[in-house]
Amino acid sequence: MAALTCDLGGDRYVFDDLKDVLAKASSRKSGDELAEIAAETDAERIAARMALADLPLKTFLSETVVPYEDDEVTRLIIDSHDAEAFRPISHLTVGGLRDWLLSHEADSAALAAVSPGLTPEMAAAVSKLMRNQDLIAVAKKRRVVTAFRTTLGLEGRLGSRLQPNHPTDDLRGIAVSVLDGLLYGVGDAVIGINPATDNVPNAISLMKMLDDLRLHYDIPAQTCVLTHVTNTIEIMNRGAPVDLVFQSVAGSEAANNGFGVDLSVLKEAHQAGLSLKRGTVGQNVMYFETGQGSALSAEAHHGVDQQTMEARAYGVARAYDPMIVNTVVGFIGPEYLYDGKQIIRAGLEDHFCGKLLGLPMGVDVCYTNHAEADQDDMDSLMTLLTVAGCTFLIAVPGADDIMLNYQSLSFHDMLYLRGALGVKAAPEFEAWLERMDMVTPEGRIRELGLRDPRVARLVDQTRLVA
Amino acid sequence: MARDMANDAVPPPIDLWSSMRQATSARIGLGRSGDAMPLKAVLDFQLAHAKARDAVHAPLDFDALEEQLAPYETIRVASLAPDRPTYLRRPDLGRRLDKESAAKLDAVQHGYDIVFVLSDGLSSIGVQMHAAPMIRACMERLGDLKVAPIVIARQARVALSDDVGERLGARLAVSLIGERPGLSVAESLGVYLTYEPRVGRRDSERNCISNVHGLGGLSYDLAAEKLAWLARTALKLQLTGVKLKDDVAAIAPPEIAGEIG
């Protein structure tokens, strides 16, 4: 591709190639500055956006940001591109795509139809031309429905992952955190543990405990122990109760190698998960986590900006029909996303790009203690994401993850979102909450005292299990 | 009254949650104000977050640290990151000595078995509280080696110990560094050992002992015991990192084999 230029009031801005203009058009991120690929001035950033707006979408099919020969993720993206789905938008520029996405003719069905024709780079590119409200408005139109024991992504629903981590994987400690979350009606997307010790026997004991809890309470939900995918394959071979198969993924072959995976092992895991046939209302069995900056931190970003690399990770995820995908948006630290403003922007970009590409996209709304962010920023982001129709959010007791040492959302936050924005849990899970008499006629989650027999029963079962 | 309670089949609420809290330090059973967290829980959380942020941003008190370390000789250095905001944004700058510090180290005597580098890292409070007693515990066990003057580094990452160790001609570099603070523990110290430190070493070429602190973490004695064993083994095998970690399980006594990353 010839260099792109933009003339602004006598100043000529020149961009070397596609990845240069993408990086410089990106909203300001400390990670792109660390990689020394960001725009050097605010004016250069807008010049890059102007140049990007005029770029034909077809360019993305002939021009790759990571070479086809060197990278299996690029090969996956190019080889699986659906030219038929692309045809209705193939005449557009990136700027034209932005306008079309916002148009009323681009309704839910139209957006779903073009998904297979969009590459991750196209999604990333158009997001760079969109304000936060544009990212929200378009994502809201793109419903992505998946199912296992619950159905996620339906209109008016907001799922939640109950994350009951414990620094020593103490079974009883985890069980009481699960109980605490269930009392707030949390857990319909998944009840998922990040193990402190990542090995097969430990993961099996955690899985058995979660599965026993699920069966004892008769909860329509899926469980997951977020261990390495090769461990989960081994665990499935040993016959332990695996619902969702987890793996972190990134946007280049080298970055995935840093996670110890490639596309073939993901395929093997997907097939193994499907063969168990444990879903009741659907068979989406994969759970992927991603996050801007992961490719750069593995020195595997190929000079591409972190948001475009993140969208490429969604290109990986969508090959395996996942039940859920989430970006762990503020976890990586301030060298990639410096403050609340950058975290909020990245969370909205990630959710938008995931949805546009057809993923059941959730977000871990979170931050670390060395980032310039606090719970007020999380309040903003979770509210914006819920308006945008986010598939699910992650919640931990009191917003404090005592194993991973970062702050996410609290169970209370999920009640706030239900109350303020009128969303509910997945229908199967909501029906269970009603069976347990935990929902008021107004749709609120009842505040149950510990003397309440409903709670006493749950507590007794917790004791039995753990 | 007493009889009523005795007849109650369900235990009183406070007892129930408190027995569950013995199993986890997670913020469970907080109660509700409408849908929101009760104010006490909100303020407790904000206090913990404030302490964690203070641990990140409070400057390391070099004078106090040197007093604690007396009579050991010390050398003060700084990384290329001039201030905290730059340090947080640019980990690459925190890994290299600034020009003045580099010249200072180049000018002193070379050739040691081991150099200790005390770095503020992400918790200056962790270093302020635990580095000096940790150094004493290490000296008791490694005092027979040729130990360099103790280097105290500002705005420093673990890999700054590569730059320091290389300039001092040390066979081993030990970085004692403030770890990323959590809400429950803001003052944890990490210990990283590198054989033949030189600029460009990868993290997989180091061994780590983490969670040295007084709130249920590793004690100075146990951490120093582990470090001493690792250091002597590294000198013998002439390596640190993944290969040494693999061997730890096979040859180290069990109290050392656990927790070494």
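Glycine is no exception: its Cβ is also placed from the backbone N, Cα and C atoms.
Close to A:Q163 (substrate binding site) in the fold, though at least 6 residues off in sequence, lie A:G192, A:I193, A:N194, A:I394, A:A395, A:V396, A:D401, A:S408, each with a CB less than 8 Å from its CB. TrEMBL lists A:R161, A:L162, A:Q163, A:N194, A:E289, A:D364 with the feature substrate binding site.
What TrEMBL records for A:P195, A:Q247, A:S297, A:M403 is adenosylcob(III)alamin binding site. Taking Cβ-Cβ distances under 8 Å and a sequence separation of 6 or more, the neighbours of A:Q247 (adenosylcob(III)alamin binding site) in its chain are A:H228, A:V229, A:T232, A:F259, A:V261, A:L266, A:A269, A:M286, A:Y287, A:F288, A:E289. DSSP assigns A:Q247 (adenosylcob(III)alamin binding site) to a strand in the three-state reduction.
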Greatest C-beta neighbour count within 10 angstroms, which of the binding-site residues A:L162, A:M403: A:L162
Residues A:P195, A:Q247, A:S297, A:M403 binding adenosylcob(III)alamin per the record - widest CA separation, whole Å: 22
Nonlocal neighbours by CB distance (under 8 Å) for A:D364 (substrate binding site), same chain, sequence gap 6 or more: A:E289, A:N326, A:T327, A:V328, A:V329, A:G330, A:F331, A:L393, A:I394, A:S408
Distant-in-sequence Cβ neighbours of A:R161 (substrate binding site), under 8 Å, six or more positions away: A:G187, A:A189, A:V190, A:I191, A:G192, A:I324, A:N326, A:G362, A:F392, A:L393, A:I394, A:A395
A:L162 (substrate binding site) and A:M403 (adenosylcob(III)alamin binding site), Cα-Cα, nearest whole angstrom: 14
Listed in sequence order, residues with CB under 8 A of A:S297 (adenosylcob(III)alamin binding site) and six or more positions away: A:I332, A:Y336
